[in-house]
Amino acid sequence: MSLRIVVCVKYVPDATGDRHFADDLTVDRDDVDGLLSELDEYAVEQALQIADEADDAEITVLTVGPEDAKDALRKALSMGADKAIHVEDDDLHGTDVIGTSLVLAKAVEKAGYDLVITGMASTDGTMGVLPAILAERLGVPQVTLLSEVKVEDGKVTGRRDGDSASEQLEASLPALVSVTDQSGEARYPSFKGIMAAKKKPVESWDLSDLDLDAEEVGLEGAYTVVESAAQRPARTAGTVVKDEGEGGKQLAEFLAGQKFI
Amino acid sequence: MAEVLVYVDHVDGAVRKPTLELLTLARRVGEPVAVALGAGAEATAAVLAEHGAVKVLTADAPEFAEYLVVPKVDALEAAYKAVSPAAVLVPSSAEGKEIAARLAVRIGSGIITDAIDLEAGDEGPVATQSAFAASFTTKSRVSKGTPVITVKPNSAAVEAAPAAGAVEALAVTFGALATGTKVISRTPRESTGRPELTEAAIVVSGGRGVNGAENFHLIEELADSLGAAVGASRAAVDAGWYPHTNQVGQTGKSVSPQLYIAAGISGAIQHRAGMQTSKTIVAVNKDAEAPIFDLVDYGVVGDLFEVVPQLTGEIKARKG
């Protein structure tokens, strides 16, 4: 039987751009180019490797986001995923992690899955909690923050490197896995992959396809409110000296003046 | 006064510093009730009481160590039901965030992660966060359910505030999901004897300019002369010169120490995301154009192989 893998990805504003907030205090998506979140490339990569090892596997890449989010799906398809689902609805604007996880859970269930793979966090929100919430909603084992992952005989195993210990984990499928940036360099799409991706199916679903109401998502449905966002004042320019042989001593003098020594 | 649940991060009864900082913040919002789970839970009570815990709810069961995350969520949910708190505060570790997030969904609440400050507000606690690689500061609150908030290390001072700290056993029933992910083996990280990176008052980090694992001892010696933690940039970690657990930056740790010393680090956005909220920033880099110099309070343009050993020697001499 085919192993059904669903990879959840996010379309984010480029972290090297000048990111800021829109007037409604959501992430501004107009002024900075968007792309597939770098941390989600690792999830796509691991899905591809797991699919390679399986006798028969199908990778669906799933995103929730505005029109342009299709770019993220195309990137994943060009890396080698088989098909894509784009959940897009004007009412989704301003959805927080609680709402996003609800939409993803419904979509993953509708798509059908044995294994859900995500990145460790998005590069814009950077909360890192969506994988755990999605596992909770799906009612499947959470096998998260893996730097090594393997799927064999209906089981997923992997290594989770925590602050105080490194743990070897095991769970039965269906399960949810998140992978870190230590799981292995993501491949670049080949020219052939890019051409093939243009022909791969991208389905579009809206809230009604998932039996969700507008009130459950969006800014209105959010469980959190951002009251203000302020640009951090630029750090005041400090002293920069050129080492003429006494640089270390000068630095020590500065640190002593600041009472660090 | 309303009660506030505080999830305790401890190792065999030794409470880690971020939990004590959490108690300081919890007291701004209500009366802290601590929840300590696993081996040594009861041993946490004395230090928690010293820092303001009116009650310490404890539970121990093999499930906490043998299965990932979910047994702890079940226990925290049991504490939530027993206490009906005004808020739930959890330290922002990787595991802490996962526990908090699953609890939030179960109890129909919103969640805020990685707060760097917390104050009482008319409509519930207001959390301060850093956004977009710390180029923005936001203030947010949970608008539905009981606020669940995770707080980063070094967000508040540890304060003595003696309270009763009465130990009460917490009754926990594990749900079907609790045993979903088995922990087959656990290899504790070897202790370096240095402070925890995210908790340290001083962090000394090395980057590409260190030019090899064999040179990282220069960074370690400087760190040790100051009692500091050692960090590394992504470039240094990707090159295999230093462990990933020490990586400072967007995909590593985010630190906010009193003093951050960057040696041989150019200061790409990826790195700045993890350190630019540090109080004082110092850099040594041979490239005068390196972006790190835009952030520094004091910078030395020079060869770190000259400057760093001289600095270490001078610190040792001054400390006698």
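For all residues, glycine too, the Cβ spot is worked out from N, Cα and C.
In TrEMBL, annotation is done automatically, which means it is predicted and not curated.
Note: B:A268 (FAD binding site) has non-local neighbours B:S233, B:P291, i.e. same-chain residues 6+ apart with C-beta under 8 A of its own C-beta. For B:R208, B:233-234, B:247-251, B:264-271, B:N285, the entry in TrEMBL reads FAD binding site.
What TrEMBL lists as domain 'Electron transfer flavoprotein alpha/beta-subunit N-terminal' is B:4-183.
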What average pLDDT does the predicted model assign to the domain 'Electron transfer flavoprotein alpha/beta-subunit N-terminal' (B:4-183)?
97
If I restrict to non-local contacts, at least six residues apart, and a C-beta distance under 8 angstroms, what lies near B:R208 (FAD binding site) in its own chain?
B:S233, B:A235, B:A236, B:A239, B:G264, B:I265, B:S266
Reduced to three states, what secondary structure does DSSP give B:R208 (FAD binding site)?
helix
Pick out which of the binding-site residues B:Q247, B:Q250 has the most other Cβ atoms within 10 Å of its own Cβ.
B:Q247
What are the sequence-distant neighbours of B:H271 (FAD binding site), meaning same chain, six or more residues apart, C-beta distance under 8 angstroms?
B:G207, B:S233, B:R234, B:V248, B:G249, B:Q250, B:A262, B:I265, B:I292
Binding-site residues satisfying Cβ distance under 8 Å to any chain A Cβ, from B:R208, B:Q247, B:I265, B:H271:
none
